[in-house]
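Asks: Pulled these features from Swiss-Prot for this protein:
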TOPO_DOM  1-11  topological domain 'Virion surface'
TOPO_DOM  33-46  topological domain 'Intravirion'
TOPO_DOM  92-98  topological domain 'Intravirion'
TOPO_DOM  122-133  topological domain 'Virion surface'
TOPO_DOM  155-158  topological domain 'Intravirion'
TOPO_DOM  180-217  topological domain 'Virion surface'
TOPO_DOM  262-267  topological domain 'Virion surface'
TOPO_DOM  289-298  topological domain 'Intravirion'
TOPO_DOM  320-335  topological domain 'Virion surface'
TRANSMEM  12-32  transmembrane segment
TRANSMEM  47-67  transmembrane segment
TRANSMEM  71-91  transmembrane segment
TRANSMEM  99-121  transmembrane segment
TRANSMEM  134-154  transmembrane segment
TRANSMEM  159-179  transmembrane segment
TRANSMEM  218-238  transmembrane segment
TRANSMEM  241-261  transmembrane segment
TRANSMEM  268-288  transmembrane segment
TRANSMEM  299-319  transmembrane segment
TRANSMEM  336-356  transmembrane segment
Amino acid sequence: MFSCKQHLSLGACVFCLGLLASTPFIWCFVFANLLSLEIFSPWQTHVYRLGFPTACLMAVLWTLVPAKHAVRAVTPAIMLNIASALIFFSLRVYSTSTWVSAPCLFLANLPLLCLWPRLAIEIVYICPAIHQRFFELGLLLACTIFALSVVSRALEVSAVFMSPFFIFLALGSGSLAGARRNQIYTSGLERRRSIFCARGDHSVASLKETLHKCPWDLMAISALTVLVVCVMIVLHVHAEVFFGLSRYLPLFLCGAMASGGLYLGHSSIIACVMATLCTLTSVVVYFLHETLGPLGKTVLFISIFVYYFSGVAALSSAMRYKLKKFVNGPLVHLRVVYMCCFVFTFCEYLLVTFIKS
């Protein structure tokens, strides 16, 4: 049994790791909203808006790096992250021309920020389920803070409102070591120690083994994703559902996908129910979008994604359970949900940019 102090300590650490895991998405969100104006800076706008799918893809690529090399990158990464954020802060305050320097700064810092989701998720999803909810709460809170800053135009008024970004980096990077030292995490890691494996200290699931254990879960996630992408295309062309949402939807997609959703009961039943709700809601929006008005149409359109996230969360939770004996089970989860993030954010970019409703 573990003490209450150990649980509280780990809960605080994983909450801070949730703040840390949000930083690549917040970085993209801030640049896409503050510095992208299609009339005055067309190519910069495309760079910033493509940052969302790029961040998802880079987070997946970081999972291919061996754990010992990823851990060694922590100190240089945090130093360069903070330095880049300080330079951006200075440019916002003192410079009037950032049309070249800002995109270079954005592209230089983004790959290093994408290291944090990998390191955070690798720790969090080895811990008990209650601590995973703390992580998801931290990620959701961080995304919400910056979304509200943009809605209230606080970031446009003063660069001081970038300060939470520095706090997230400092708290999160400092919590990595604390979470690894916690006895609850180390006991979870010990349960994944290999006994008969010749390579490595812990059991690692290969691609073949993952496909063997979770074929139907992966197929169901793929089918749900294709369904919602088709819904996005049809509703964008017919009902103009992205009008007024293009500034906030990418952050919502990344944050909600990484956070999961509400999942209770059997995963296959939940997935079927959520797919049915997605289909019925999209039919309502398609035929009644003029009657619903802008607000009703937007609420129903967002609810389609909430249903989708809940279905994927149930399926990914089932995958993590099937891979619970493997130390890289959390990384398999990251690859699946962040590839879904990539598909949605890239699809949203193509629809809003090139296919006019």
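Even glycines carry a Cβ here, placed using N, Cα and C.
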Asks: Looking only at the topological domain 'Intravirion' (289-298), what are its DSSP counts of helix, strand and coil residues?
Replies: 10 helix, 0 strand, 0 coil
Asks: So how many of the residues in the topological domain 'Virion surface' (320-335) end up helix, strand or coil by DSSP?
Replies: 10 helix, 0 strand, 6 coil
Asks: Taking 3+ C-beta pairs under 8 angstroms (sequence gap of 6 or more) as contact, is the transmembrane segment (159-179) in contact with the transmembrane segment (71-91)?
Replies: yes
Asks: What stretch, picked from 12-32, 99-121, 134-154, 268-288, has the most CB pairs under 8 A with the transmembrane segment (71-91)?
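Replies: It is 99-121 that shares the most Cβ pairs under 8 Å with the transmembrane segment (71-91).
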Asks: Counting only residues 6+ away from its ends, which parts of the chain sit with a Cβ under 8 Å from the topological domain 'Virion surface' (180-217)?
Replies: 2, 6-7, 9-10, 13, 123, 126-128, 131, 267-268, 315-316, 318-319, 322-329, 332
Asks: Should anything in the same chain at least six residues away from the topological domain 'Intravirion' (289-298) have a Cβ under 8 Å from its Cβ atoms, list it; otherwise answer none.
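Replies: For the topological domain 'Intravirion' (289-298), the sequence-distant neighbours (Cβ-Cβ under 8 Å, at least 6 residues beyond its ends) are 235, 238-241, 243-245.
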Asks: As a quick check of your reading of DSSP, tell me how many residues in the topological domain 'Virion surface' (1-11) are helical, how many are strand and how many are coil.
Replies: 8 helix, 0 strand, 3 coil
Asks: List, by number or range, the same-chain residues at least 6 past the topological domain 'Virion surface' (1-11) whose CB is under 8 A from its CB atoms?
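Replies: Tertiary neighbours of the topological domain 'Virion surface' (1-11) are 127, 130-131, 134, 178-179, 182-185, 187.
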Asks: Which sequence-distant residues neighbour the transmembrane segment (268-288)? Criterion: at least 6 residues beyond either end, Cβ under 8 Å.
Replies: 216, 220, 223-224, 227-228, 231, 234-235, 238-239, 241, 297, 300-301, 303-304, 307-308, 310-311, 314-315
Asks: What are the helix, strand and coil residue counts for the topological domain 'Virion surface' (180-217) according to DSSP?
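Replies: Grouping H, G, I as helix and E, B as strand yields 20 helix, 2 strand, 16 coil.
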Asks: Over the topological domain 'Intravirion' (289-298), what is the model's average pLDDT?
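Replies: Per the prediction, mean pLDDT sits at 88 for the topological domain 'Intravirion' (289-298).
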Asks: Are there 3 or more C-beta pairs under 8 Å linking the transmembrane segment (134-154) with the transmembrane segment (12-32), counting only pairs at least 6 apart in sequence?
Replies: yes
